[in-house]
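Chemist: Before I ask anything, here is the structure I am working with.
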Amino acid sequence: MANSTNIAPLSPGQLAFRRALRHGGFWTGGLIILVIVLAAIFAPLLTPYDPALQDLTQRYIPPVWSEKGTWDHILGTDNLGRDYFARVLYGTRISLGIGLLTLLISGTIGVSLGIAAGYWGGWPDLVINFLITIRLTLPVVLVALVVVALIGNSLTLLVLVIGLLLWDRFAIVVRSATQQVASREYITSARAIGSSTPRILFREILPNITGPLIVVASIEIAHAILLEAALSFLGLGVQPPQVSWGLMVAEAKSQLMFRPWMIAIPGAALVLLIFAINLVGDTVRDVTTPEGKA
Amino acid sequence: MTSDALIMRGVTRDYPVGTAFGRKQTLRALRGIDLTVGKGRTLGLVGESGCGKSTLAKILLGVEQASSGEVLVEGRPISGYGRLERAGLIQPVFQDPYSSLNPRMTVETLIAAPLAVRGIGDSALRRRRAREMAALVGLPDHLVSSYPSQLSGGQRQRVAIARALIGEPRILICDEPTSALDVSVQSQILNLLHRLKSELDLTMILISHNLAVVHHLADEVAVMYLGQIVESGPSAEVFARPRHPYTEALLKAVLPPRAGVRLPELGLEAEFPSPLRPPSGCAFHPRCRVADGLCAERAPERDGTNHSFRCHHPLGGGDQAAAMTTPETA
């Protein structure tokens, strides 16, 4: 005991972070995400080209590693002579932006509903379960299609539609995690010292469900990014002159047989980002469960 | 009346239970509890698992409401107290210190929480009070910034006790405070509770199935069976001359720490009955050694004043019984 006086105790969160640092997946995934985020932020510094600037004299230049490639256009140019590297870089902004913004919406809805259902049980639980079931019966792409057809097409709308559709996993996971935590004696103890309900929900329950919450968040952010790419591919998402990886794939689909790199490059960017997010999510799951392993 | 910290009159608690086939049933966890605890006294509440002890504790803590009956705390109905007022008056110490402390909070935060909830003082004052309480319950100072997962069971229970007492409550409800702890630590925690109780002039309700603990600490004893108090009275009296056959059986089940002593034949063959389908008449009759036809038909009324019991055929209370049933507390 005497030795432990000078060692600062670590919170469960700090312990989990320490375990994460020993986890290969965290380093790999975290590094990739860091690079992608930095690339999105500093895109204008990394390329001299405007992603929307057309140059019809420079159409279909292949990437630098092929025989006809040039260092002027590292990843080549597209059918309108726009620099592909610049388009991939600026496309990162759309993907990450949509991922984070929809996460904010879907997370807020899902966590609120899940905590309410898990904590109160009874009829709030029934109503919220009913809402979850209704949400699960809605095909996401179809709903997005109808909304875009009815209201029109904008980035704000896209974020809203995806955000309002992807809260179901949050609600389901948070509900069951809350049920588990709410039955613990420290919640009874919190009530016995007179804690208000908001205090119990936000000070006692929420900190104890962060593990599953982060895991779901990582899944949902990847889900939202993929959905944006899919909707943009279908022409329902991001509209030119804005750039999105899904849009790039859509514009290049006629060249699939002749210039496969035009699809492979934005596709690879998408795969890399999703892979990295999933790796970090897996790490969080590994280090937070079972609780108190350290 | 004002000298009573706690009075319960005819308190019942029913839980609606749905069965597999959707039939609604009622689980009667408490069936007419009458109980009085004087100020500064310790009441030992004894009974098997599932007899309603913890439900009783939850009602006293205001975490659950009684279905009917009256609970008076310091002369006022418990429902008349506000959430914070009640919390300032009655505090719990739970059975399992591994689940009664939030794993995401430091010891300091845990201990100071009752003050924070009631908005007493600023955070510096609360931290100082938490450290004082930690010292009072015998927690080393360097542990106050630790998390529960870094503490032993005994240390955790000390945290729980400090947290319960920091708001200077009048009544402490200890729901099996030592049953999750090592034997060597149990006595430390019990002695701590005993010392704090007299230092702080607390009224204490000690829920336990350990008779030696109750005998050691309690002024009065109430024995519960299937949601009823079957016998209650001054601790020495009940332990020396049990009137109810169930109390007698419980006392016999205590093994003296002597070699060669075997488990006694208790005559408690039958299973503990389900509170969903309580036996007719006296709830204890299927397991009772003195039961007869009357017991199966009619529930016994409460009898006796100071030392009361619910039995058609109370045991004599003579010297013979006393010699036989006094538990050997080490």
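Every residue gets a Cβ built from N, Cα and C, even glycine.
Curation does not apply to TrEMBL; its annotations are automatic.
Grabbed the feature section from TrEMBL, which reads as follows:
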TRANSMEM  A:25-46  transmembrane segment
DOMAIN    A:92-281  domain 'ABC transmembrane type-1'
TRANSMEM  A:94-120  transmembrane segment
TRANSMEM  A:140-167  transmembrane segment
TRANSMEM  A:213-238  transmembrane segment
TRANSMEM  A:258-280  transmembrane segment
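Could you tell me the structural context for the features on the list?
Modeler: If you look at the transmembrane segment (A:25-46), the same-chain residues 6 or more away from its ends with a CB under 8 A from one of its CBs are 86, 89-90, 92-93, 96, 272-273, 275-280, 282-283, 286.
Outside the transmembrane segment (A:94-120) by six or more residues, the chain places 36-37, 40, 128-129, 131-132, 155, 158-160, 162-179, 182, 200-201, 205-206, 213, 216-217, 220-222, 224-225, 228-229, 238, 242-245, 270, 273 with a CB less than 8 A from a CB of the stretch.
Remote same-chain partners of the transmembrane segment (A:140-167), defined as residues 6 or more beyond its termini with a Cβ less than 8 Å from a stretch Cβ, comprise 94, 98, 101-107, 109-110, 113, 220, 223-224, 227-228, 230-231, 234, 236-239, 242.
Distant neighbours of the transmembrane segment (A:213-238): 94-96, 98-100, 102-103, 106-107, 110-111, 140-141, 144-145, 148, 153, 155, 158, 162-163, 166, 169-170, 173-174, 177, 244-247, 249-250, 270, 273-274, 277-278, 280-281, 284-285, 288; these residues of the same chain sit at least 6 beyond its ends, with a Cβ under 8 Å from one of its Cβ atoms.
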